[in-house]
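Below is one structure; the comments refer to it alone.
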Amino acid sequence: MSEQLKFIVDQLNREPFKKNLNLITFDSLETMQLLQTLNDVLAEIDPKQAIDIREEMPEQTAKRMFTLLGMLKYKPPGGMSEVSSFRQGLVTGSKPVVHPILHWLLQRIPELKKRSYLARFLVKLEIPAEFLQDDIIAETYHQYEELVEGFKNIHKECEQLKSSGFSTAEIRRDIVAMEEEKDQLIKRVERLKKRVEAVSNHQRMLELARQLRKQEQKNQLFQAEQRLQRCQIQLKDLQQAGADEKPESLMKRLEEDIKFNSYMVSAKLPRELESMRKVVQYLQKVASEPALGQTELRELEDKIRETNTEINQLIEKRMMRNDPMDDKLSLFRQQAAIIVHKKEAKVEELQEAREELAAVERELNMKTELIRGDEVLKTHSHYPQHIETQLQEIAELKVEYGVLQRTEEILRERHTAGQQQLQSLEAQRGISGYSDTQEELERVIICHEDLCLFQVKKLNSVIAQKKSALSPLIKDLRALRQEHAELAPEYEQKKTQYDTCAVGLESNRSKLEQEVRVLREEMAQEESRYHHINCMREIIESQMQRAADQSKINQSMDLQVRRTALREKYIANTAEQESLGKVLRQQVKQVRENQEPSMRQMKMWKDLETLLECKKQCYLKAQSQAPIGHVIQYVGKDMLVL
């Protein structure tokens with residue numbers, strides 16, 4: 001139960017619910033909250049269920065949920081016998097009923113979404129039989145059933161397309177790319193047409209090109225037919241060879257091929273690949289390093305000599321130790337190395353033999369193709385005797401190949417039978433394994449000799465390779481040394497000249513840069529000063545113009561013009577401000593004189609307002625109470641009559 005609750009809480013905290021719950025808060029949910037959570041999960045499956053359960057009756061909510069669960073094929077834990085208790089628990093929001101429903105729904109949301117989507121179209125309407133007696137209703141229902149079946153087929157095709165791996169986006173991209181390519185090809189063809197139309201006799205040339213293309217297609221077709229015939233002949237030969245051979249021989253041959261291929265893949269090819277990688281790394285390292293001089297080469301030679309002396313000293317120490325166990329182990333190591341070398345040599349020989357056999361078979365197939373071709377017979381009709389002799393030779397070679405193959409199989413069978421008989425005789429005499437030991441000793445002796453010869457040959461070949469590889473380099477090195485000796489003094493002379501010239505130019509450049517920097521600073525200062533003076537000049541000119549204008553206005557005899565002068569305006573403004581100051585000073589004097597009477601008057605008005613408010617309250621209170629008498633009003637006085 002705890003695992004079920006953990007799963008429910010985990011799923012509700014994810015997209016698209018994001019409830020942000022834990023086990024305690026989920027277990028403490030009230031009935032309405034739990035039913036709302038169930039309704040949210042059902043709304044994720046069927047968007048029509050997205051409503052607030054507080055806005056509908058509990059019976060309607062339970063009926064709606066029960067109908068949807070039935071459509072989704074949910075089976076209550078108790079089976080059909082407890083349907084009523086399940087319905088009652090769904091109405092009341094019981095946890096033992098709601099929790100299994102949530103667990104079942106959250107496990108299958110994608111599947112249930114699909115089922116809910118299909119149910120809208122595949123759940124058939126139930127029409128009473130008496131209504132189906134009507135022809136129009138029956139025909140409409142029949143069309144409805146046909147549409148449902150059509151929807152099923154279309155949905156199956158859609159699912160097949162989705163599962164087939166095709167993507168509409170990829171198809172659209174391919175279509176767009178093909179359309180762009182088509183447009184480019186059309187533009188290309190148009191450009192080529194324009195270029196061809198300028199050539200004389202282009203129609204004739206196009207016709208010849210068309211005929212040439214047809215001839216090339218015919219040749220390709222003929223070559224394809226020849227390849228088909230060759231493949232058919234090879235198939236017949238293989239079928240005949242497979243029919244003639246025994247299953248044991250086929251299995252043995254396959255096992256040998258498998259052993260050979262596995263050895264090539266697991267042992268030989270990885271070693272060759274690793275050696276080639278080491279060579280490439282060494283060459284890259286050599287190429288990345290700078291060219292070595294004479295001193296560096298001497299240092300490397302000295303290091304090589306030191307390393308060789310250390311190796312010789314270690315070998316002498318090992319020989320002086322003279323441990324018999326190490327001698328035996330060295331003997332076994334030598335034997336293992338000899339066997340490995342012999343195995344590698346045999347593998348290389350076998351691979352070369354296979355390559356040679358494949359080349360011979362390709363040559364033979366080419367010859368048979370040339371012989372069987374009708375076109376070849378037509379074009380070389382004056383060589384019939386030569387072709388017949390070649391065919392006879394090929395047939396004889398095939399027969400001889402089959403005989404030799406059969407002889408090889410017979411000899412192998414006899415060899416295995418002889419080995420078995422020899423082993424049985426050794427077991428009878430009590431010396432079982434004698435022949436194997438004898439062969440092992442002979443192989444060890446041969447391997448030891450082969451190892452010595454192999455090492456000697458290998459060392460000689462390595463020395464020869466090194467000499468042949470170093471001889472052109474030594475020649476080039478001598479020429480380069482001589483050239484270096486000739487060019488070195490000239491180089492030193494030119495270098496000194498360059499250094500002196502560079503130093504002089506550098507000093508001149510630094511001086512010029514300093515002068516340019518000083519001149520630029522002076523130019524910036526003078527330019528700012530020029531702008532400042534220019535602005536001040538414009539301001540002074542405007543002020544002088546304004547003063548001249550005012551002097552002209554003051555000297556004018558026209559009163560209207562003189563009134564527009566600034567002097568007159570300033571005098572008028574000054575007089576106006578002085579009169580305004582006098583008025584304000586009088587007002588201040590009046591305010592100071594009237595302050596105390598005004599304060600007393602304001603206090604009296606406030607007292608009057610308070611008295612009137614009190615009378616109003618008394619009047620309202622008297623109106624709210626029961627009347628004790630009535631008031632008679634006369635002129636100037638009031639009377640209360642009880």
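Start at 1 and count along the chain as shown; that gives each residue its number.
Heads up, the Cβ atoms here are built off N, Cα and C, so glycines get one too.
Note: TrEMBL annotation is automatic and uncurated.
Annotation source TrEMBL lists domain 'IFT81 calponin homology' at 3-126. As annotated by TrEMBL, coiled coil applies to 168-241, 297-407, 502-529.
Sequence-distant contacts of the coiled coil (502-529), counting only residues of its own chain at least 6 positions beyond either end whose CB sits under 8 Å from a CB of the stretch, are absent. Averaged across the coiled coil (168-241), the predicted model reaches a pLDDT of 81.
Each residue of the domain 'IFT81 calponin homology' (3-126) gets a DSSP state, and the totals for helix, strand and coil are 90 helix, 0 strand, 34 coil.
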